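**Student:** Sharing the record's features from TrEMBL:
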- Asp10, Ser11, Tyr42, Gly43, Asn74, Thr75, Thr184, His185: substrate binding site (BINDING)
- Cys73: active site, proton donor/acceptor (ACT_SITE)
- Cys183: active site, proton donor/acceptor (ACT_SITE)
Amino acid sequence: MDNRPIGFLDSGVGGLTVVRELMRQLPHEEIIYIGDSARAPYGPRPAEQIKAYTWELVNFLLTKDVKMIVFACNTATAVAWEEVKEKLDIPVLGVILPGSSAAIKSTVGGEIGVIATPMTIESDIYKEKINRLAPEMRVQSLACPKFVPIVESNETQTSLAKKIVYETLAPLVGKVDTLILGCTHYPLLRSIIQNVMGPQVKLIDSGAECVRDISVLLNYFEINRSRQGDVLNHQFYTTASPLAFKEIAEAWLGRDIRVEHVEL
Ligand code: DGL
């Protein structure tokens, strides 16, 4: 048993899609979240810079004495997860393997699409992981650089968002039966993405899939929280405006939260 919190990192508000799922599946676990909205999006940045930023987020979480770190960001997972998990002596989880396995299980015709940030697509990591497990799968990848800014500026309900999603996804429509949302920001655009792709396409939320793995690791290392039923002190930190973060987070999580600004 271990009553310390679980740490989550993301370039901004996207990791909240993982947190929402964690609150649903493991409601007694305590959360420390850091979102680097001041420097989002990470996706168009060079790999070395993303790695350096990710280490800053990891080091911040370590000052909070977390028992596990979840990379609630595909881009950080693609470039820094291997290195960070080798160096830390607590479990470190990424979102890419769980999303890949879920897509393999879900596809009927073996036609899998991946949408993600430019860096995640450039790394080709989803295709690599999927084809290592299932070489017969065909994987089509598409970078969607305009999606994260829409989410960070809380414009997901606008007609501009619909137009951008419609135009960006056009090359994949009718070509895949399963689509991995390979960026944790994208579930906030889920209903528009589903409308554009059509109801027959199964959407895979890589972040939500990763919560099943969190649960397995908590059990494996016997570090579940023991004090079930006590008041949890979830803490959310952002490098940008706490008010802007709070507005998106409270709407998405359906509860009031405390958000603090932090300089890294
Ligand atoms: N949520 C991050 C991801 O899953 C977005 C990265 C970005 O800021 O571009 O990749």
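Glycine is no exception: its Cβ is also placed from the backbone N, Cα and C atoms.
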**Student:** If one measures from the C-alpha of Cys73 (active site, proton donor/acceptor) to the C-alpha of Ser11 (substrate binding site), what distance in angstrom results, rounded to a whole number?
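**Tutor:** Between the alpha carbons of Cys73 (active site, proton donor/acceptor) and Ser11 (substrate binding site) there are 7 Å.
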**Student:** Sort Asp10 (substrate binding site) into helix, strand or coil using the DSSP assignment.
**Tutor:** strand
**Student:** Could you tell me which of these binding-site residues, Ser11, Thr184, has the greatest number of Cβ atoms within 10 Å of its own Cβ?
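**Tutor:** Buried the deepest by this measure is Thr184.
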**Student:** Including all protein chains displayed, how many Cβ atoms other than that of Asn74 (substrate binding site) lie within 10 Å of its Cβ?
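**Tutor:** Its Cβ has 36 other Cβ atoms within 10 Å.
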**Student:** Taking each of the active-site residues Cys73, Cys183 in turn and counting other Cβ atoms within 10 Å of its Cβ, which one has the fewest?
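**Tutor:** Taking Cys73, Cys183 as the active-site residues, the minimal 10 Å Cβ count falls on Cys183.
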**Student:** Counting other Cβ atoms within 10 Å of each residue's Cβ, which of the binding-site residues Tyr42, Thr75 comes out lowest?
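**Tutor:** Lowest Cβ count within 10 Å among the binding-site residues (Tyr42, Thr75) is Tyr42.
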